[in-house]
Amino acid sequence: MALEKSLALLPLLVLVLLVLGWVQPSLGKESRAQKFQRQHMDSDGSPSSNPTYCNNMMRRRNMTQGRCKPVNTFVHEPLVDVQDVCFQEKVTCKNGQPNCYKSSSSMRITDCRLTNGSRYPNCAYRTSQKERHIIVACEGNPYVPVHFDASVEDST
């Protein structure tokens, strides 16, 4: 009798495990928009002349785990202003895709570049503050930045 009850519950258990197998990989997985924000947004941090800014931020934002990310840019503007870039001048991305947009005004950014000779796990970065137009790739609904493509000087 107990064996029959156990066998009757087996299909239900299999179904639950299948559903968990389907759902679980998406739980806790960072969306492309969330990854963009983690890797590129620092609205609260004003750009400073602190030479260790990049070393600290790259480590804090998990871009030195397993390898040293060679180049990264942080944007020091409100998130809504960066999201608005998705509705500004359309440009072609470096990889040839048509979903990049250039900001209509300059934005405060910090460029972080891995210094020569720096090797994992001792990632060391050169910090440089700039005011530049940013180019981001956008996608999704809502249409938001998912990739930082470049920064360019004002052409005027």
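Glycine too: its Cβ is placed from the backbone N, Cα and C atoms.
Marked as signal peptide by Swiss-Prot on the basis of similarity to another entry: 1-28.
According to Swiss-Prot, the feature compositional bias 'Basic and acidic residues' maps to 33-43.
Secondary structure at C54 (disulfide bond), as computed by DSSP, is helix. The disulfide bond annotation in Swiss-Prot covers C54-C112 (among others) and rests on similarity to another entry.
Around N62 (N-linked glycosylation site), the C-beta neighbours below 8 angstroms that are at least 6 residues distant in the chain are R38. As annotated by Swiss-Prot, N-linked glycosylation site applies to N62 (among others), with the evidence given as sequence analysis.
The annotation disulfide bond is assigned in Swiss-Prot to C68-C123 (among others). Taking all protein chains in view, 18 other C-beta atoms sit within 10 angstroms of the C-beta of C68 (disulfide bond).
Classification of C86 (disulfide bond) by DSSP places it within a helix. Here Swiss-Prot flags C86-C138 (among others) as disulfide bond.
Residues or ranges marked as disulfide bond by Swiss-Prot on the basis of similarity to another entry: C93-C100 (among others). Around C93 (disulfide bond), the C-beta neighbours below 8 angstroms that are at least 6 residues distant in the chain are N99, C100, I135, A137, H147, D149.
If you look up Swiss-Prot, you'll see N116 (among others) marked as N-linked glycosylation site, on the strength of sequence analysis. Its Cβ taken as reference, N116 (N-linked glycosylation site) is surrounded by 7 other Cβ atoms within 10 Å in the chains shown.
If you look up Swiss-Prot, you'll see H147 marked as active site, proton donor. Under DSSP, H147 (active site, proton donor) is assigned to a strand (E or B) in the three-state scheme.
Taken through DSSP, the compositional bias 'Basic and acidic residues' (33-43) splits into 8 helix, 1 strand, 2 coil. Between the CA atoms of C138 (disulfide bond) and C112 (disulfide bond) there is a gap of 22 Å.
DSSP assigns C138 (disulfide bond) to a strand in the three-state reduction. There are 23 other Cβ atoms within 10 Å of the Cβ belonging to C100 (disulfide bond).
In this view, the densest Cβ surroundings among the disulfide-bonded residues C54, C86, C123, C138 belong to C54, judged by other Cβ atoms lying within 10 Å.
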